[in-house]
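Q: I'd like to ask some things about the structure below.
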Amino acid sequence: MAPRFSWSLATSWHALAILALWPASTLAGDKSAADYYVRELPGLPKNSPPIKMHAGHIEVTPETNGNLFFWHFQNNHIANRQRTVIWLNGGPGCSSEDGALMEVGPYRVTKDNALTLNNGTWNEFANLLFVDNPVGTGFSYVDTNSYIHGLNAMATQFITFLEKFFALFPEYQSDDLYIAGESYAGQHIPYIARAILDRNKSKSRAETWNLGGLLIGNGWISPQDQSSAYLKFSLERGLIEKGSDNAQQLQQMQRICDKEMSINPGHVDYPECESILNKILELTRVGSGDQECINMYDVRLRDSAPSCGMNWPPDLKYVGPYLRQPQVISALNLDKQRNTGWQECNSMVNANFRNQNATASISLLPDILKEVPILLFSGAEDLICNHVGTEELISNLAWNEGKGFEVTPGNWAPRRQWTFEGEVAGFWQEARNLTYVLFHNASHMVPFDYPRRSRDMLDRFMKVDISSIGGEPSDSRIDGEKGPDTSVGGAKNNTQQHEEETKQKLKEAQWLAYQRSGEVVLVIVIIAASVWGYFVWRQRRKGTAYSALQSDEAAGQSRTGLAAFHNRQSDRDLEAAAFDETTVDNIPLQESIGRGESKYSIGDDSDEEEGETNKT
């Protein structure tokens, strides 16, 4: 019976072990936050401040293998409250890694696949989340025949993405959430915002997402206003000479465009109107063989035809090779089997997404503005989504019981001059939850040109106040008024500071533990000494009694015996002779404690301290 019982016991323990491991093995196919951790990013400069990053794919449509790629950067500081900014680029079908590595992210790419720090990064006071949206864009992927066709489908998939993202990273779910982007993201962002607000209405308070605001730069929001602005902008800037044959030809094309928009108002795309932009680019060709045209993203520059700006900005030639490196693909936790190489813009996504019958996002703004503030900003040198169109959009828009920036009948909100570090940066204008910012001397990609100014704009919009964390603010003024301190110059990285404080507390706890260990050793030594002393005392009492029983003759020899007791070479009382009472007070208590303490390591002064984040 004994062997059978032993076998049963072993089997039982084995079964228990399997049961204990079953939940973990069941979930092994599901990713955790740790699976998305970016452990090392190739090309980082030496001694660069540490930034916690996560990246990878999140599945949004299992039936079509639709996965959205994200890249998340933790904030450098926490001022007032926790914030997260989602950044989206346009296209449709252009990767948000443009924004990550050429605009608002913490790094810029240089030659030789090296990274440098962006001194105007938007993750200074907010976590940054870049998403390649929609599926098929950038590092995102989907089955070839399953590209999405409309804005509502895009928004639905994005909500699925956010649900899964916050399940993986619940620490960010309660953040103030801002959605930012540029160009065609002017269609994506309002649709996503509306989907979030609709979702919130069906959720408990604990499950809602706190949508703090929207920021759209040089946005394609109102196709009608923007399509009418190509020619207006070109004439105002002298790209096309007023009254010329070219101007008359373009005016005829504009009439065709206007007629199409009147027949089908509210659509997103009008091919008849896009032909006006193409014609302007064609008419501006100069040089040998007409091989140069204006850059449609920055009219101060020229580019080779027919690109006319598609080769810009100059950092683009570094971004592609960097993102295609095997080491980078591995660092960003990309599925190597699904990765076909990063593309800035996917023409297949663009071709499938451009649905002429979709309703433009401008129609969503009035209702969104009832609940959420919106900031529109424009670089003054952009043609394709120029500031003239944005300003027309605002003038024609009715929201919150008013139209345009009219605050009272016949009285419009003033354009307030904005200066940044002693230079005129542009102007601010705001009314009834809508803000408009014009950046002088800036292109379609404002943060590329002015990273620190754009970050100052973001901080003002989010109502960041650095007074609680210290540092030197930048000199940013609107109509001469400085306002809250919004840009940091010398504050310590709060996330890093928290880790250092935790490390210090751990050292203190270790010291306390070692100190208590020393006290225990001291008590043990004292007890041992007491026991040893008692033992010696008993032996001496025995020796005294023994001597009293001896003959007078033996007693007469006691001095010799006493002398012999102190003589360690005597063999008269071997047990007593082994102990000298003069050594009782010389038990090395302090020496013992000292050696005990020397065995402990309570901290090394040479431990490296984490570097401070560059401040602006």
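First residue shown is number 1, and so on along the chain.
Every residue gets a Cβ built from N, Cα and C, even glycine.
A quick note: this is a predicted structure, and the numbers were derived from the prediction, not measured.
So Swiss-Prot lists these for the protein:
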type     : residues : note
COMPBIAS : 474-484  : compositional bias 'Basic and acidic residues'
REGION   : 469-502  : region 'Disordered'
REGION   : 578-616  : region 'Disordered'
SIGNAL   : 1-28     : signal peptide
TOPO_DOM : 29-516   : topological domain 'Lumenal'
TRANSMEM : 517-537  : transmembrane segment
Q: With Cβ-Cβ distances below 8 Å as the criterion, list the same-chain residues six or more beyond the ends of the compositional bias 'Basic and acidic residues' (474-484) that contact it, or say none.
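A: Beyond its ends, the compositional bias 'Basic and acidic residues' (474-484) has Cβ neighbours at 416-422, 428, 452, 456, 460, 463-465, 467, 616.
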Q: If I take every residue in the topological domain 'Lumenal' (29-516) and average their pLDDT values, what number comes out?
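A: When the pLDDT values over the topological domain 'Lumenal' (29-516) are averaged, the result is 91.
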Q: Taking helix as H, G and I and strand as E and B in DSSP, count the residues of the compositional bias 'Basic and acidic residues' (474-484) in helix, strand and coil.
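A: Secondary-structure composition of the compositional bias 'Basic and acidic residues' (474-484): 0 helix, 4 strand, 7 coil.
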